[in-house]
Amino acid sequence: MRIHVLFLFSLLSTIPHYSYASVNDFCVADLKAGDTNNTFKAALTSAFVTDFPAVNGLGVSAARLDIAKGGSIPMHTHPGATELLIMVEGEITAGFMTPFALYSKTLKPGDVFVFPQGQLHFQVNSGKKKATAFLAFSSANPGAQLLDLLLFGNALSSDIVAQTTFLDIDQVKKLKARFGGKNLNNHMSM
């Protein structure tokens, strides 16, 4: 019996292994730049599972990043993935922070930068023209938490936000108005 089992395993190990994931869907590239006419002067054209189902189950996703002159991608995290940035055009200063250090670099075409999963990070166009980069993520759905939207696009009272961020109450109200926050008055809402 053992010989038959060993023979069966050896036979199965000689059969070629194929992946069917690479032939299920096709994508025709859209090479137009993203619309950077917004608060951040930046656009992310993503191929995440939420808008490009072909990556479902593959453990990867990608995006194109366009940042106009003077634009930025504000402090944010990707709780579900590590991010790899590959510079194509222009100049971007990028970085991430740990509790003990700042890692930052000004990137030019051909440069690569890695943002570890869950680390607070940013990208700023530090050049004199538009900047473009491609992003790769280690998950089909990396998620994103933008610090500005979390702090100021909510219904938490302005006085609580001011007290916990050490910002002036008037500045908090201004930022809440800019990012669609509610409860600009100085009282808590339930």
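Every residue gets a Cβ built from N, Cα and C, even glycine.
Note: TrEMBL annotation is automatic and uncurated.
Bear in mind that the values here come from a model prediction, so they are computed numbers and not experimental data.
A 10 Å cutoff on Cβ-Cβ distances gives E83 (Mn(2+) binding site) a total of 26 other Cβ atoms nearby, all chains included. Per TrEMBL, Mn(2+) binding site is recorded for H76, H78, E83, H121.
Using a 10 Å Cβ-Cβ cutoff, H78 (Mn(2+) binding site) registers 22 neighbours. If you look up TrEMBL, you'll see H78, E83 marked as oxalate binding site.
According to TrEMBL, the feature domain 'Cupin type-1' maps to 29-173.
The signal peptide annotation in TrEMBL covers 1-21.
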Please list, for the domain 'Cupin type-1' (29-173), how many residues fall into helix, strand and coil according to DSSP.
22 helix, 56 strand, 67 coil
Looking only at the domain 'Cupin type-1' (29-173), what is the mean pLDDT?
95
Which residues does H121 (Mn(2+) binding site) neighbour through Cβ under 8 Å, counting only same-chain ones at least six apart?
M75, H76, T77, E83, A94, G95, F96, M97, F115
